[in-house]
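These come from TrEMBL:
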type	residues	note
BINDING	482-489, 532-536, 586-589	GTP binding site
COMPBIAS	50-71	compositional bias 'Low complexity'
COMPBIAS	72-81	compositional bias 'Polar residues'
COMPBIAS	133-146	compositional bias 'Low complexity'
COMPBIAS	165-195	compositional bias 'Basic and acidic residues'
COMPBIAS	205-214	compositional bias 'Basic and acidic residues'
COMPBIAS	302-311	compositional bias 'Low complexity'
COMPBIAS	319-346	compositional bias 'Gly residues'
DOMAIN	473-645	domain 'Tr-type G'
REGION	50-363	region 'Disordered'
Amino acid sequence: MPKARVYELAKQFGVDSKTVLEKLKDMGEFVKSSSSTVEAPVVRRLKSAFAADNSSASSQTSKSAQHSQHQGASHSNSADSHSPKPGNAPHPKASAPKPGANHHAAEQANPVHESAHADAPKPGMPHPGPKPGQGRHQGQGRSHSSALSKQEEAIRQGLQSSDPRIQEAARRAQRELEEKKTSGESRGESRREGGSRPSGARPGPRGERGERRNAPKPGATPRSRNTSSEKAPRPGNNPFTSHQGMHVPTPNDIPRPHPMARPTVNNSHGRNGRPGARNGRPGQGVGGRWGHSRAGQGAGAAGARHFGAGAPHTDNGPAGHGGHGGPGGRPGRGRGGAAGAFGHQGGRSSKARKNARRAKQQEYEEMKAPVIGGVRIPSGHGQTIRLRQGASLADLAEKINVSPASLVTVLFHLGEMATATQSLNEDTFQILGEEIGWNIKIVSSEEEDKELLQQFDINLDDEQDMDDEDLVPRPPVVTVMGHVDHGKTRLLDTIRKTNVSLKEAGGITQRIGAYQVSVHLNGEERKITFLDTPGHEAFTAMRARGAELTDVAILVVAADDGVMPQTVEAINHAQAANVPIVVAVNKIDVPGANPEKVRGQLTEFGLVPEEYGGDTMFVDISAKKNINIDKLLEAVLLTADATLDLRANPNMPARGATVEARLDKGRGAVATVLVQQGTLHVGDAIVAGTSYGRVRAMLDENGNSLTAALPSRPVSVLGLTSVPTAGDLFLVAPDDRAARQIAEKRAASERAAQLAKRRKVVSLEEFKEQFAKSEIDMLNVVIKGDSSGSVEALEDSLMKIEVSDEVGIQVIHRGVGAITQNDVNLASVDKAVIIGFNVRPNRQVADLAEREGVEIKYYSVIYKAIEDIEAALKGMLKPEFEEVVTSHSEIREIFRSSKFGNIAGVMVQDGTVKRGTKCRIMRDGVVTINDLEISSLRRFKDDVTEVEEGYECGINLGDFNDIQVGDVIETFEMREVERK
Ligand SMILES: Nc1nc2c(ncn2[C@@H]2O[C@H](COP(=O)(O)OP(=O)(O)OP(=O)(O)O)[C@@H](O)[C@H]2O)c(=O)[nH]1
């Protein structure tokens, strides 16, 4: 037997997944969720466990089963009517598809139809003792009761919840549960009545009975079906199965107006009151099932309009008796009831009829939707729906067009509590989806993006199956890392100055975030691309955005300083990314430099120099004096050649990553991109993150205009409509329109994700409560900067500030460009500080900020910003106090005063006793009481404010009199301590 999933088993057993999960738990099997798989042996055990349950349940109830068998002697016709099969309807009665109709048909065949229902699992089946169906039904009853108790528990918890929506859901659930219980009881009674009723005798108008059986509310239909515990155990009858009411209508199942039933003015007259009669009985046919359905009401009204006494006639007359009294005598042909409603219009166009039919069909579908926890959610009929990770009920609600509150209720009924905006895990969504008929799939943002690109025929995975002959060697891309002040920037400058072809550039190079140098190796000119933002922070920030640009890392270690904390961090980051390292032992020109020591130290971190038998290349350099830089570049190429297969396909639309981006006053958005695959051409339509545009011009680091950029080539691109973020992947789209659409769709889903995040923060009171409880304070910050690189670097650095566990920093918005009105508004709402890094607001925005009381801080150096924010965070800390003991006084004598109580005559042994200070009593070194106060202090007859060591005085402790000679009064103060 293959592995089965829990929900499949649940379906098989006709119970809900939770029951199966509980049963598995009872069996000692740990199974996580309804989508988990269960091994074949466990399935077998589970089956027998359910079977055992059923047989014990059925033996307990065999008496009643026999009783109902007896009563259900003529059940077979009604059984037929319960199981209409396409093409198998023997009689118009039997083809009646709706429960209302079934009731009726059953009634026709057997006056005690309710017991017939109970005994009729299959058409025409004889009665073999206690049936498996019955047993299972009883088993279900048990799971029902366990589910009920679970539900009751959930209700109890829900009523205690602080969330009003959950409380409301709980109240609703409670009401429903009570109703369920009461209706269960009354059903029991009515069954007894039914059993003794003489055949053919119908007490009272049938409509009444229908109403009794089917709750009159629209929402009551499925519930009344669900709770009909007398019925045979069809899946649809199990209140806890995921498929109840999820019934997909079959051709026979969808009610259609019978052609004969279509009204005309003439034939409605001809029927003389019958339409009104039929539809006047909400308890019958469609009316019975739909409660106050429009068809029933409308038809009734129309009937009355046309025939005056149509409705009263129903209650007593023979036409009413039929319920199927329309032409052809079809039982429960509810839609035929529309005749009364529309009959008077006669001349209605076929289009209008079609529309009306469609509307009715839709209404029917909606009405057919299961009622779960008192809410009605149209089934998705197993359709697949995709939600991004971290989605909430509100997101799902939006996609399936229902109200979030109803999903909260449904989830609540499944025993889980969640607010509409809380993000839920995949398992919860699956259970919920199963219940409401949707196949919910959770996709990561990467998958979502891939799917989006596939819509435009862009397949990001096609790189993996590129043919060898398409690939040509490409230059390595290098990042320089190392500890602060070990010479990273100086090295990058020296390399740029010495190796960029100065002839071409006229000696002027520009910082665009990356540059390429030429190196001669073994008589061959080779190229190396350097990323110009040194440090592992930039490297990691890029990686975090999915940009794996670096092929080789140069680790700079100053020979006069050796391995330092950030050297280790850099090693860790490079190794985590599987990037080979070349070590540049810098500052060898400095007296006291000890390159050998550096080699020895790095061995401990797995970087063993080649000369020691390892595979890491070490080069001793001086970035300042330009010593051995060429050797370092050679080492980079040799390392790349030895460890990497650096090849790319230049003959495809370009792809790569954004290295840096900024807003240029004259040229608009300028982004430096590094081509990783393909060739980027001027005129290409590109999209980078949520930015798009057409490549208007491309410039290299020397300011030269390029028409094409090959793999590993960094270029400054002009033509994007907005500024992308460093690390954003870019790609060439088939055309401008596709580029725009991709960018817009990404922006939309990003907005949705951000909104979800914000909603989470804003609406999740629990979080706030937690914050309040643990007294965590957050400093909200908005960062605006002149380039995406600086904004990212600043954000990264700020996030690393650690002042205390009690305060934290939260960047609520970041962006490139001037500080805008939006930034101020956001900061004002979220009580944030705005940090402007090399950017400023215009006059109006500055005024607005002042009016709103929003603080804007301007910086041009990162460390200054860090210092300030750190200080601000420290300022947010609650003052810290410590206790300082200020004196000890021994009680030598006790004076009793009727006015003041006991007064201690003491000798101050050390420190100074002050009036009003806190004190405690110590007897034989043990504190007998804390938190007293020196309420008065006297020397001789005089009240004094303080008494110093070595003096005697009288101390009164207010109402406290339990003192003895020999006790010591210790005074203390709480003093604020400066935080380090
Ligand atoms: N003597 C000597 N000084 C050097 C050498 N390389 C760099 N320096 C000096 O060391 C100091 C720090 O160099 P930077 O290049 O700014 O160091 P960094 O690693 O980029 O520092 P951060 O940007 O703060 O991380 C500067 O004053 C450089 O001039 C070298 O080879 N020899």
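Keep in mind that glycine also has a Cβ here, set from the backbone N, Cα and C atoms.
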Spatial neighbours, same chain, of ILE588 (GTP binding site) - Cβ under 8 Å, 6+ residues apart: ALA559, PRO595, ASP620, ILE621, SER622, ILE627
Whole-number mean of pLDDT values that fall within the domain 'Tr-type G' (473-645): 88
Number of other Cβ atoms within 10 Å of the Cβ of ASP485 (GTP binding site) across all protein chains: 14
Cβ atoms near THR533 (GTP binding site) (within 10 Å, other residues, all chains): 25
Annotated binding-site residues ASP485, HIS536, ILE588, filtered by Cβ under 6 Å to ligand 1: ASP485
Most crowded position, judged by CB atoms within 10 A, among GLY482, HIS536 as binding-site residues: GLY482
